[in-house]
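The structure appears below as structure tokens.
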Amino acid sequence: MDTVKIDTRDVNFWYGDFHALKGISMQIEEKSVVAFIGPSGCGKSTFLRLFNRMNDLIPATRLEGEIRIDGHNIYAKGVEVDELRKNVGMVFQRPNPFPKSIFENVAYGLRVNGVKDNAFIRQRVEETLKGAALWDEVKDKLKESAYALSGGQQQRLCIARAMAVSPSVLLMDEPASALDPISTAKVEELIHELKKDYTIVIVTHNMQQAARVSDKTAFFYLGEMVEYDDTKKIFTNPEKEATQNYITGRFG
């Protein structure tokens, strides 16, 4: 029996009066990769950001329903949002390194969380840069600015930065859309490696990418989750006509 990592129950979400997500229930298994696909404005990124409460930062939003991670309701009273975001890391569409050295970009989260043991920090920086398949490219220039890295290297640095505080879930919002094909391939290879240790949820407009990297795929349209199934089934034999129309390019 696969362990359920993320469990959402009848999730509805509003921006002001706009009903952005409508009755979404799904389960995401531990150490799997789930892709969210669908046209722009369908709600997939909004849903992703609920998993580490990023939408809390937007005024006049409202959530109904439950989102549980490891069995705990992450919107219950008393939940420490900082602790949640340590456990549920986020990688954004455009690489966003801090104006610091490569080393300090990765060490930042550890320092913010009160880690003062420099030997541990050095070890963790090396471990996560290796985990993000970046160590061999940067090990001799850790003191240089992160801005000196290529876009693809910066994105892998941001993945390492998210990994440094030992999350169990990684959220990726279009992580390769701003990258060239070679850098995109490296990020996709990395996702395959990371699922040994992490539960990964990725939003992508690139359906070929969803087909390559994910175990399951959810298709969103107009704020609803139309279909959620094994990726192979979604792309070869979907049950819903809307899913078929989207993956064959008839709309979107």
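Placed from the backbone N, Cα and C atoms, the Cβ positions cover glycine too.
As annotated by Swiss-Prot, ATP binding site applies to G38, P39, S40, G41, C42, G43, K44, S45, with the evidence given as sequence analysis. Summarising the annotation, Swiss-Prot assigns domain 'ABC transporter' to 6-247.
Neighbour density around each Cβ, counted as other Cβ atoms within 10 Å, peaks among the binding-site residues G38, G41, G43 at G38. Cβ atoms within 8 Å of the centroid of the Cβ atoms of G38, P39, S40, G41, C42, G43, K44, S45 (the ATP site) belong to the same-chain residues T46, F220, Y221, site residues excluded. Each of the binding-site residues S40, S45 was scored by how many other Cβ atoms lie within 10 Å of its Cβ, and the smallest score goes to S40. K44 (ATP binding site) falls within a helical segment according to DSSP.
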